Each structure stands twice: as C-alpha cells, then as structure tokens.
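Q: First the structure, then my questions, so here it is.
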2 protein chains.
Amino acid sequence: MGQYAAPLRDMQFVLHELLNVENEVKGMPKHADLDADTINQVLEEAGKFCAEVLFPLNQSGDEEGCTYAGDGVVTTPKGFKEAYRQYIDAGWPALGCDPEYGGQGLPAFVNNALYEMLNSSNQAWTMYPGLSHGAYECLHAHGTAEQQKVYLPKLVAGEWTGTMCLTEPHCGTDLGILRTKAESNGDGSYLITGTKIFISSGEHDLAENIVHLVLARLPDAPPGTKGISLFIVPKFVPNEAGEPGERNGIKCGSIEHKMGIHANSTCVMNLDNAKGWLVGEANRGLQAMFVMMNAARLGVGMQSLGLTEVAYQNSLVYAKERLQMRSLTGPKAPEKAADPIIVHPDVRRMLLTQKAYAEGARAFSYWSALQIDKELSAQDEAERKEAADLVALLTPILKAFLSDNAFECTNHAMQVFGGHGFIKEWGMEQYVRDARINMIYEGTNAVQSLDLLGRKVLGDMGAKLRKFGKLVTDFVEAEGVKPEMQEFINPLADIGDKVSKLTMEIGMKAMQNQDEVGAAAVPYLRTVGHLVFSYFWARMARIALDKQASGDPFYKSKLATARFYFAKLLPETAKTIREARAGSKTLMEVDEALF
Amino acid sequence: MGQYAAPLRDMQFVLHELLNVENEVKGMPKHADLDADTINQVLEEAGKFCAEVLFPLNQSGDEEGCTYAGDGVVTTPKGFKEAYRQYIDAGWPALGCDPEYGGQGLPAFVNNALYEMLNSSNQAWTMYPGLSHGAYECLHAHGTAEQQKVYLPKLVAGEWTGTMCLTEPHCGTDLGILRTKAESNGDGSYLITGTKIFISSGEHDLAENIVHLVLARLPDAPPGTKGISLFIVPKFVPNEAGEPGERNGIKCGSIEHKMGIHANSTCVMNLDNAKGWLVGEANRGLQAMFVMMNAARLGVGMQSLGLTEVAYQNSLVYAKERLQMRSLTGPKAPEKAADPIIVHPDVRRMLLTQKAYAEGARAFSYWSALQIDKELSAQDEAERKEAADLVALLTPILKAFLSDNAFECTNHAMQVFGGHGFIKEWGMEQYVRDARINMIYEGTNAVQSLDLLGRKVLGDMGAKLRKFGKLVTDFVEAEGVKPEMQEFINPLADIGDKVSKLTMEIGMKAMQNQDEVGAAAVPYLRTVGHLVFSYFWARMARIALDKQASGDPFYKSKLATARFYFAKLLPETAKTIREARAGSKTLMEVDEALF
C-alpha cells in the first residue's frame, strides 16, 4: 500500500531555477562541464530505482525487521540484499565520489537529491549506503594514502559498507568519557577492546566486508575529548590483494528492538583485541570523525526531507479520495455521499504544512549541498571559506529544524488518515516512528541547538551568522522596493531584525550566565530555522511571480505555498522568540529535589 | 523496567486544597456524607493496585499484544485476565456507579482520579473497563427499566464489559452516512446486519459477556444523522435468569495491528442478523450515544493525563541518574565522571513541561469531574445548569488539549532518554505510541476544535464561554490587587482579554464565511486551553503562596512550576493567536489541483 513518485519537477525547479547550478558549477573546475540535462537524467533514473525497487520494500522491511541469528550474524529483511546488489550494480554509491577511486565525481547537490529520494523510499535501507558514504568522506579527508588505496575503491563501489562506532553504554553525547582502549602492536596496527552500542548498519548481510570507524583511547591519552583517537577496524582485515582476509575481533553481540527504522540493524559491537589502524593523528580522532558526523547530520536532514515528502504524497492522495462530512460552506461534491476531506480547512492546513516544509527543506538543503561543493571545489579561496562558514553555521539547522518539521509533518500525514493512520497496514504510522529517530541520533536536537547558538553563533561573535544575514539583507534591499514582493519581503526583513536583536540579547545575558545559552538554544534554533526558510520561500516566490504568467500551474502552486508559509508557519517565531527571551530563571531556580 | 507511583500528594492537593471537595459534596444529597479520609483511602488503595498489578503488565502487554485466534476468538496478553479478575473482585468497576445497581455511589471526581492512575499504569488494559463504564452511563441515562435491570448490575460488577460500535469502513467522523441496518422482528427486538470497525475491546477473554452498543439505521429512517438509532447487541443474549444465553450474530472478524495500545483489541465486528434492542427513541440514537461519547472524551483526557504523569516520573528518574557532560556553568557533581543531565537547562525544560502539563491537567480534569457531579447531583437547579454548561464547553478541551499535551510530553520524556528512548526495552517509546491514538479517536482533535468553536462557543453567541470567563474575571478581580499575585494575574487577565477579542473577531468573520471557523478552530482550541490552564495555575499559585511558609517543599515546587508555566508554556498562545487570525485565505484559495 502507499505510493511514491520522485518530485522531479520541484527538484529541477530548485536546482535550475532557484540555484542555477549549471552556472554555479562553471566556477568549479571539477564540475565545470556538468549540464542540466545530465543532472536531470541522473535524477530521473534514480527516481525510478527508488520508486520501483526500494519503496516496495519499505513496509515489509518495517514489519520483518532485522534478525540477529546468533554468533554475530545479522540478516536484513527479505529483498534488501537484492536491492542493494542492484544499487551497486547501477553504480549509485559512486555518484558523488572521487573519480580517483572509481567515483563518478558528481557534485554533492546531485548526491543530496539522490538521498532525498532514497530516504523517501526507504530510510532504513538507505542507512546502509548512507553510512558507507560517510565513512568514504572521512577516509577521503583523513586516511593515509595507503588506507585510501585499500578502502576507498571498495566503499565507492559499495562492495564494502561503513559504520561509525562512537557511542558506548555510558556515553552518547559525552564522548569525552568513552572507555574503549587501543594499544599499539608496534607494527603500525593497534589492538582495540571495548563495547560500542547503537551502531547503525553495524552488521548485516548486504556486503562482503564492513569498515568500522571506531573511536578509542590510547594508553597515554589525556582525559576528555582531547584523548580520543580514530581507528579503521575492518570486519575482515584486507589481505595483500586488498580482498577480505582474516576475521577481525569485532563482532555484533545483539541488535536493538526499536520504535522505528526496524530494517536497519542497530548493533551492539564488541571489540575484543580487534585490529585497527589509526586514522589521522593520535588524540585528534574527534576532529577526524567530525567529517563523518557532519556528513551524517546533513544525512539526517535528507532523511527528514525524504520522509516529509513521501508522507505528504500519501496523505494528499487520501485527502482527495476519502469522503467524510460536507464543507462548512456547502457541499462541494453533491453527487457523492460526502465531500472529499480536502475541502476542510484544517485538512488543508495539515497538507500545506507538509508541502511548505518539504519544499522549503528541498531549497535549503540543495542550496547547502551547493555550498559544500563550493567549499570543496570553488576556484576562489575566499569563496571556499565563505561557503565553509555557511555550511558550518547551517548544519545544525539542517539536522534539527528539518527533523523537527519531519516529525510534525509525518504526524499531520497520519492525522489526515484519521483512525486508519494508526493502523500499520496503511503505512502512515511507520513514517512517524521512523522520523522520530532523526530528532535523536547524530546529536540530539538540543545538542544541535547548543552547537548553533553556543559554538557557531556566539563562538565567533556572530560573524558567520552575519554572513547569512548579508544574503538576506541583500535580497531584501533588491526586492523590498517592488510592490508585488511586499508580502514576502516585509516578514522576511522583520524576522531578520528579530533574529539580530535576539542574538545580541542572549549574547549579553550569556556573558553573565552560561545557562542562558542552554535555556535559549532550542527555541533560538527554531527561530533561525524560520529565518532561513523565510529567505528561501521569498526567493522562490520571486521566481514564481516572474513566471506565473507562463500558465504553468506549478508557479501558482509555489506562490500559494509561499503565502501559506508566511501566514501560517512563520508565526511560530512569535512563540519561540518569547520562549528564548524567557531565559533560564524558571528552569534553574528549581531545586532538583523539587521536581 | 520503569516505575510508577500514584501521585497521591498532588491528587490530594487538587481535591482538598484546590477544590475543597469535602465542602462541595455537602450540596449534593447523594454524596453529602463523603469525607476526605474516605477519599484518600480509596485513592491509596487504587494506587497500590495500579502500581502493583497493572503497571507490571504494561510493557509485556505491548510486546505480546492481543491475538486473533480465528472464529471470533481474541486472547488478551498474559496476565490481563487475572488482573481483571482482581479488579472486579475488589469492586473497582462499581466505584462511581449507582447503588441501585450495586454501585458504590462515589462521585465522578473519585472515579476520575482512579482512571488517571489506571491509565498511568496501563492504558491498553484500562480501555476494557473504561468502555464498560461508558456503556453503563449510556444505559443508565437512556435504557428502559427492563434493560437497566438486566444489564446494569452486570456492568457495575464488571462481569460483563461494554463497547461502542459506531465506525464503519467508509465512515468515522461522518456517522450520518453509516449503513448498518436494523429491522424489526415485531417482538421488540431487531435484526442488525453490517460491519463495524475500530471497535475497542470488541472481543476478548476477560469477561463472560460483552454488551455492544451499536448504531444502525432502521428501514424507514431519514438520511443523515437524524436517521440513526442505538441498539444493545449482547454477545450472548441474556436468558430468563439474566445470565449469558444464546450466542448472538455479532462476531469479531479480525483485529487491527496498530502503532500502539497493542494490548487492547481493536476489532472488526461483523453483525449478521444479530439480535438487538432499541435504546432510547428510534432515529435519536446519536443523542443517546452522545452520553457515551462524552464519557469517552473525558476518558481520553484521563488517558492523556495518565500517560503524561507516568512518562514524567520515568524521565525524571533517568535525568537524575544519567551522567553526561558538565553543566555550562561548571561541574555540579565533580566527584563523578560527568554531571547528571538534570543540570542542563533544556533537560529541565522538558521535565518541567511534563510536570506543568500533568499538574495543570489534574487540576482541570478533577475540577471538570466535580462539575459533572454538580450537574448530576447538585440540589440547586441553577447550579446543575451552570455546571452542565461548563462541562459541555470544556469537554472538547479536555479531550484535545490534554491529548496534544500528552503527545508532546511523552515525546519530551523519550527525548530525555536520548538514544535509549528509541529502544523498546526502556519503555519510553511505548508511551509515545500509546499517546498518539488519543489525538485521533473519540473524534479527532480537529473535530473537537470544531465542536468547541463552532458549536459550544459561536453556537450560543459565547454564552457558555462567558460563564467560564466569569470564573476568570472573578478571580482576577479578587487577586489582582495583591502584589504577590501580579506575576500570575497579569498574564491570566491578558490571555482572558485576548480570548474574548479573538472570539469576537472569528465570530464576525464566520458570519461572512463559515470556512473561517474551520481555519481558526485548531489554534483557537489551543488558545482557550491555555486560558483554562492559566486560570488553574494561578489558583494553585495562590494556595502555594499562602502555604509556602509552612516549610513543606511541595508548595515551593508548585510555585516554581506555576512560574515555569507562565514563562515558558503560555507563550505558545502568541503563535496560536496569530495562526487563528491568519484566517482561511491561504488555505482555501489554493485549487485542489495545485496541491
């Protein structure tokens, strides 16, 4: 049951009409020849694969889940292995990878678009290649030449998959207190012992080898986060020929039973003198791992966009078909027993919320991926730096704002189905359960908000935020004089001003009391998230205004969704700004015993 | 895993210090002799039963779920039957029932308190006796003397259970289009044929008979809601001795697989010439059923309070034990590897949100139950009418505001657990899944909001709302001059004014366009919900201020929670008022094809 079709028209709108990527890549030697047609063909093919191969496995995968067969063996649900074979045979893992290692060398924004579709079709399945891509990025950035030669071609081909092994039973957010130990063998390798939990894709039957990236502590390491090193710990140690050799001492001890993403194995990984090789410098493992963690955070953004889109598509079909009650303004389908529920204002609110959040997320996340491409590949150093700053600033918003929205949206989609939404058979409650993890893993959304407010904004006295602010004010100045843009520019300028004031205010308070940062962070992130969405919705409205005379209903729809966003979703900031302003007093003055 | 202890101290605070029920019942001849000690003893006993018998079955019940064994037979999870036996042996079903039929005749507010605890312990289990109590109330109000004689003693004793059979595959909210048919046998009985779905507790192994209350249509019935009649359709037709006799033609065809409340059977009920007896007048079945539906809506409020409370208790324990990161203002537990997470402001926000919503819901729902007692039992007719109006006005808020809050709160509780919250073993994700149904069944929360705004508020030009408003303004006038109450009275008075203005505004717009009601209803309900909570929090703050010098930390805690409520939760109204004001334009101007 259910349906998914890749939203190609809107993806193309974002890439070509909003971002003009064909023009942008001209400034990137690596990608300069890429044209719009090629991009569109790739997306179309990917969309077919997702709709035809992965989507049909989503509900059955949830129902069946992964199985721990004992002795370290994990079986994925029926069909997963075959789908993965098709995926690698078609070369999809290589899409955004370095040609030096067999990659196709396409920009990050194309890979991001692929991941939106993969996640719409099957988030649990997509976590297998998704983590592999993160491991690829980490080793590509920090591995030795030898490590890159051995591991990258296998990861790029999808023949081996990857994991990130961070969490331990007593530490998730607080990696500084991790206990897994690494001792030198004297031959360049290390023996690693410890227990890791919550290891997504930690063990499975999709690939012949698994490349674990493991955080551990060397004997002489200083305490805390400055004493953590990163190691490659392959399931099978590659032999001389670079093929899987000796079975390594890292083994899945059990898998978790979870609320959602049942079809992705969440493993307890026991390391018992497992052989590992240092990645990057000793004691600087967290910095190296940050490449993978940032990739994973962007990945959560794409998961969240994917779920929002597919939930929207399904609830829209249902809202047009389900007949229930008459419109308050009189029958709209008098020939039927009742009107389709899409006539009811609140059903429309739930649908348009999903549409506005999906399309806003698409614009924002594809634009962010384009910034990553600029950071990696722009010719001009200043441009690379500028893009890197914007990516650093916006990564926590991509992770947290989009995953909050996806949870809200999948819940709306489920609510549109009424009682049927609660029944597994209809497939809607799975989206809610799957979306729920996105607010937790890869750093909870509260951790993201502290990263945004504490590190990214206050940490450089607002410098990075002002860079984004400049994009906003430039657009406001260019468009603010045009009467047809008033309805979009005024609220955009207004939320921009409010964010500036709020940031200053919190910054001042934080100088007296650091708890003010912790108290304001979550509503602050939601507020800045809306500034970002307001900016993209205003830019999209500009294009839609220009083209509405074309007669293409797409632009009318875009314009209507923009208007809905400003009228009905942006007002959330009236709440979040007040919450942020309310400060830490009522939170912190309560003695622990009084809870 | 997990824990629950009945929050007796706060229950007693609400009943005795806030509501002064011992004094209130003096005006009700039926209950005039009831004293506080008796109430407290009942609550204490009930709390023990809930914590010791029902709570241990909650997680196992979720995991095992109900089983459809074929041929209409449904088995409940292990231990459910024995717990039910203990429940009826102890006489709990009789607590709030009429002594004429074996009841103990205690007021509704005592029964409500019982249901809070039952639901904290095990919502899925509680739905079996919960629906029976609804059937009892419906037959007590509308059954013939003969029907009452046969059915009520069995329901009161809990030997038989009840259901409400409304929904059909093509109609949930829209009962007007239901198709189940009833034809007269000419002997006072009817033959009923049709299919009902989503019948909670529709079949099970807890009791020897099940009393289905079924909506169906007589052959000559007018179309729509004015052609629906209500019938008793027992699973076993009572024989002359009043004991279960002939098996009736109503049979469970299958049970649903759901997101949550796994341990309650959600049945497809097939009626094939099932024998039924008319309840109340022909074609006025919906009115008779409303007694049960209103009871069920209040029941959903108690489910939601119950889940909020138990989720809070568990997340609080975890937040005090789990060590992760240091406080932003420096180590608070320097002797430990990290600080307990309760030192972090956002963890406190999540905990205090649950505390404030649980305690606010307790005050509001117990007060509402007291109004029901007044409606049923006050000596003075004007008092009965006044109470009835308040109950009618506030029922949709009890259902929707409390269930929205419970979903938010159980999600906060789960989030406090971080990654562990997503793992079934820890028990927190079950609360989220169970809480989710409360926003859907017994009329979705959007339907509740239309009931509130369209029927209860605009339907009588605000008369009932003004009755509640008078309680608020009386309190504001009495307390507004006292300096120590400014911090509570000012925001209360402010939200009161805003609700008045918003109501007038929507009323004016609705006269032009009924869709304005549908567009504003959901945020309007949230806004009025906060007016209600502000009122109760201000009243509770008044008592806490008076008693804080006593040295009992309970009052300090209450005061701190009140301050948190006004600082951090009431600001939601800044959003909801804007949303409500934004009207229907951006929702309705979008052509269906443009979605």
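Please read every residue number as a count from 1 along the shown chain.
Even glycines carry a Cβ here, placed using N, Cα and C.
Remember, TrEMBL labels are computer predictions, not curated facts.
Pulled from TrEMBL, these are the listed features:
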DOMAIN    B:41-159  domain 'Acyl-CoA dehydrogenase/oxidase N-terminal'
DOMAIN    B:164-273  domain 'Acyl-CoA oxidase/dehydrogenase middle'
DOMAIN    B:283-450  domain 'Acyl-CoA dehydrogenase/oxidase C-terminal'
DOMAIN    B:470-591  domain 'Acetyl-CoA dehydrogenase-like C-terminal'
Q: What is the three-state DSSP composition of the domain 'Acetyl-CoA dehydrogenase-like C-terminal' (B:470-591), stated as helix, strand and coil residue counts?
A: 107 helix, 0 strand, 15 coil
Q: Per-residue pLDDT averaged over the domain 'Acetyl-CoA dehydrogenase-like C-terminal' (B:470-591) comes to what?
A: 97
Q: Where DSSP helix means H, G or I and strand means E or B, what are the helix, strand and coil counts for the domain 'Acyl-CoA oxidase/dehydrogenase middle' (B:164-273)?
A: 7 helix, 58 strand, 45 coil
Q: Per DSSP, what is the residue count of the domain 'Acyl-CoA dehydrogenase/oxidase N-terminal' (B:41-159) in each of helix, strand and coil?
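A: Helix, strand, coil within the domain 'Acyl-CoA dehydrogenase/oxidase N-terminal' (B:41-159): 88 helix, 7 strand, 24 coil.
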